[in-house]
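J.: Pulled these from Swiss-Prot:
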- Asp13, Lys35, 62-71, Thr121, Arg182, Gln191, 211-212: substrate binding site (BINDING)
- Lys64: active site, proton donor (ACT_SITE)
Amino acid sequence: MNIPDPQLVIALDFDTQESCLELVDQLDPTLCRLKIGKELFTSCGPKIVEKIQWKGFDVFLDLKFHDIPNTVAKAVKAAAELGVWMVNVHASGGEKMMLAAREALEGYQVKPLLIAVTVLTSMSDEDLKALGITVTAAEQVQRLAALAKQAQMDGVVCSAQEVVQLKASLGEEFKMITPGIRPSFAGNDDQTRIMTPEQALKAGSDYLVVGRPVTQADDPLRALEQIAAEMARASLGS
């Protein structure tokens, strides 16, 4: 099965290079891209990005930059220098911060997708209320996603439950990256707003993020292939 633009992103939630690369060597770059988050990047540094790219995988650098505009702009530029496929910032950092990130990429012929994080999938309405945010998670996602589009982001990270409304209000070209995806053979773990791969694609998600159902599987490649099969069912409309 050869997918030139894989919609599946596997989260590499490891703390050592050895354990990470052991898993990566079992995966297929025609079926997925790979996400490097804070734990792995802090433990291993930029070299882990290069090692994974050498193995043929596109990299989503998931560091969720959130700082003053100048600092975020420099961080995004550094990510572009690494040649990553996707990088993200927190929409709650504001329009000026996101615009600075966009401007930092102007000199690059091949730019990473610049994505904004809205509301983390682990957050419930009650969690937001505890932070002083009185609207629901879905309403907060709508607010932040609209701000992200205004600030020229390529898309947002959001729960699959919000995708239909976001696509309707922000347009089909605005990318939706959805964590909280659990294949039919896996449990819910610690994320509260979840969907299966088939459900998420039918809702309009552009890229799906999956972690433990693959990384902790007895046979990671088989798990990856099972998820790819679920995704194929969505494209067939069955």
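Positions of Cβ are set from backbone N, Cα and C atoms, glycine also.
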J.: Around His66 (substrate binding site), how many other C-beta atoms are within 10 angstroms of its C-beta?
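T.: Neighbour count, Cβ to Cβ under the 10 Å cut-off: 17.
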J.: What kind of secondary structure is Asp13 (substrate binding site) part of, going by DSSP in three states?
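T.: Its secondary structure by DSSP: coil.
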J.: Let me know the DSSP-derived helix, strand or coil state of Gly211 (substrate binding site), please.
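T.: The residue in question, Gly211 (substrate binding site), is coil (DSSP, three-state).
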J.: So among the binding-site residues Leu63, Thr121, who's got the most Cβ atoms within 10 Å?
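T.: That would be Thr121, with the highest Cβ count within 10 Å.
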J.: When DSSP states are folded down to helix, strand and coil, where does Pro69 (substrate binding site) land?
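T.: It is helical.
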J.: Return the count of C-beta atoms lying within 10 angstroms of the C-beta of Asp13 (substrate binding site), excluding that atom itself.
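T.: 18, counting other Cβ atoms within 10 Å of Asp13 (substrate binding site).
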